[in-house]
Each structure stands twice: as structure tokens, then as C-alpha cells.
Amino acid sequence: METENPVNCKYMGRSFNDLSINDDSTAFSDCNSDRSGEFPSASSQNRRLVLACANSENSDELIRQLVSDLDSCSIDEQKQAALELRLLAKNKPENRIKIAKAGAIRPLISLISSSDPYLQENGVTAILNLSLCDENKELIASSGAIKPLVRALRTGTSTAKENAACALLRLSQVEENKVAIGRSGAIPLLVNLLENGGFRGKKDASTALYSLCTVKENKIRAVEAGIMRPLVELMADFGSNMVDKSAFVMSVLVPVPEAKTALVEEGGIPVLVEIIEVGSQRQKEIAVAILLQICEDSVLFRTMVAREGAIPPLVALSQSGTNRAKQKAETLIELLRQPRSGNAAARHSDVSV
């Protein structure tokens, strides 16, 4: 598996070995446990019972009974058991280990393949909640969860799709799972969710893609699936609350040549220049880092960026941005002001002073 190293950009004798942004933690609200609310099919009495048992010595016995009910011949009993396990795993972190040790993971994975949409949804979400425990991630993946989660991403309810994306994100935090998830067909489905999902779906898809696309072959899959169009569209829409997330995803993609070309073809340069003009400080820094990467080896792309009017806002950023943003802006300005000869920059850097 080939994981990308930080980009190493050298220009005129100056090395910029980290074009990434310092903090992406606030850009991505991590896919945490079940956020779809309480369950209308479970009575208030049952919910209170589950929560009460979760705080008592009887919780182990309850969990064993619920796991047994997952294999029931009655769909209603399976639904109730999946609902209650989902809630137990959501509300009490220590239950996530108990539920896994009680043998729930394989029967829950089987429910993900159910033709009943709500049984599938609760199976997906229970697996998501269990995957929040680091000790469970490898067991969930090795038990065969990846392909059923991908099927749920294709055929499930909107909630099942969103929670499947989150579950795949959590599994991708084990590095070895990233290639398996990419090869299972998840990337095009996540791109589709990014483009066509609701706001939560877009957020969950972008977070999962950001994690998965640290692997080179997944970057290429994402580009081939047409990811640049929705990324550019979301970055252009400042009211979408997706500018930062989309830009971070784009920043992990552009080291591969296919992504640079696709970004330009989808009209990304004007959008990036506009972000440098009117975006937040963090958005400006990400945009400059992306433009540096696409311009580094392409005279044509430098010309396009310069003609788009990038130099004035870059000059302003070089005077008023963060230290990292100033450094990137100054480097890009120097690059754009060089003669439009393919070897000009190289010749300039070789001149002795």
C-alpha cells in the first residue's frame, strides 16, 4: 500500500516540505455515534429499560439476550434487538466492548445485507457505534463488514448511507483497511453521496474521502469517479458550509497529476482565486497550497492562474496572512512572475549570486 508523504516543493533554492495545513480537526466534524435521534419504533418504556440496564449489573445479561435475539426467526425481534444494541452502544462507551465480546458483530453484519431497509439501517448504525471503540475496528473489518457497508452505501436509506460512510471512515483509521475499502467499490459511492446527498451526507462523505484518499490508488479512484466537479461546486458556494471540507479533500488529491488536470477542467482555478480574495484565513491558506501544487510543474497552469488575477490577492495575503500563508503566498507570487519559459525557473535557480 502506498500512502502519500507530505508534498515536498522546492523553488529557487527554498524548500517547502509541508504544503498541508496545520489543523484540519475543526474542518471535519468526525463521524461519531448515531446522530439520527431516538427510535420511533421502540417505546419510551423500552428505551428507559435499556438505559437503566446499561447502568446496572444486569447489563451483561441483557446484552447476551439481545445478541441471541439477533438470530431470531422473527424480524420484529431482530429489529428490536438491533435497536436496543444500537442504543446501548451509543450511550455507554464501555458497552461497545461488551457487545463485541458477546458475539454481536457477525449477526449485525448479516443484518446489513437485509432486504428490510430499517433492519439494514439499524445494523449499519449499530456497527458504526461499535466501531467507535478502537479495540473493535479490526474485528469488525476481519468479520467481513466492509462489503456489506458498501452495499448499504449503494442501496440503503439516507440514514443508512450516511452511517455507512461514517462506519467506513472509522474502519479506515486502521491503515490496512484503506486499500480494502477502496477496492470494494466505496469511492464512487462516496463521491455520489458528496454530490447528491443532504448536508449531513455531504459532510460524512467528505470526511470519509479525506481519510481514504491518503492512499494513492484511492486518489485516482476518486478522480476517475468525478470527484472534482462536486468539490469545485461546493468550494464555490460559501453558503454551503462545505468550503473548508471540500478544500481539504482537494488538497490531498492534487499531488496526483490526474487530479491537477481534472481540477483545471472543472473550473477550479477561478474558484481558488476567489477564495484567496474573500475566504477565511484558513481557506486562503488551503487555496494557495493547492495552487502551488498545480503550478509547480506546469507553465500552462501558472499562466492560467496569473490571468485569473491571482497576484493582487496573493500580495495582500503575503502582507496580512498567517506566517504559513504569507510564506506560501510569496512563493506562489514568485512562481507566477517568472517568464513563461518552461526552463526559466530552473535556470534562475542555478545562477550564482
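Cβ coordinates are placed from backbone N, Cα and C, and glycine is handled just like the others.
According to TrEMBL:
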DOMAIN    65-338  domain 'U-box'
REPEAT    103-145  repeat 'ARM'
REPEAT    144-186  repeat 'ARM'
Residue distribution over DSSP helix, strand and coil in the repeat 'ARM' (103-145): 32 helix, 0 strand, 11 coil
Chain residues outside the repeat 'ARM' (144-186) and at least six past its termini with a C-beta under 8 angstroms from it: 1, 3, 30-32, 34, 36, 105-106, 109, 112-113, 117-118, 120-121, 124-125, 127-128, 131-132, 134, 137-138, 193, 197-198, 200-201, 204-205, 207-208, 211-212, 214-215, 217-218, 221
Overall pLDDT of the repeat 'ARM' (103-145), taken as the mean: 96
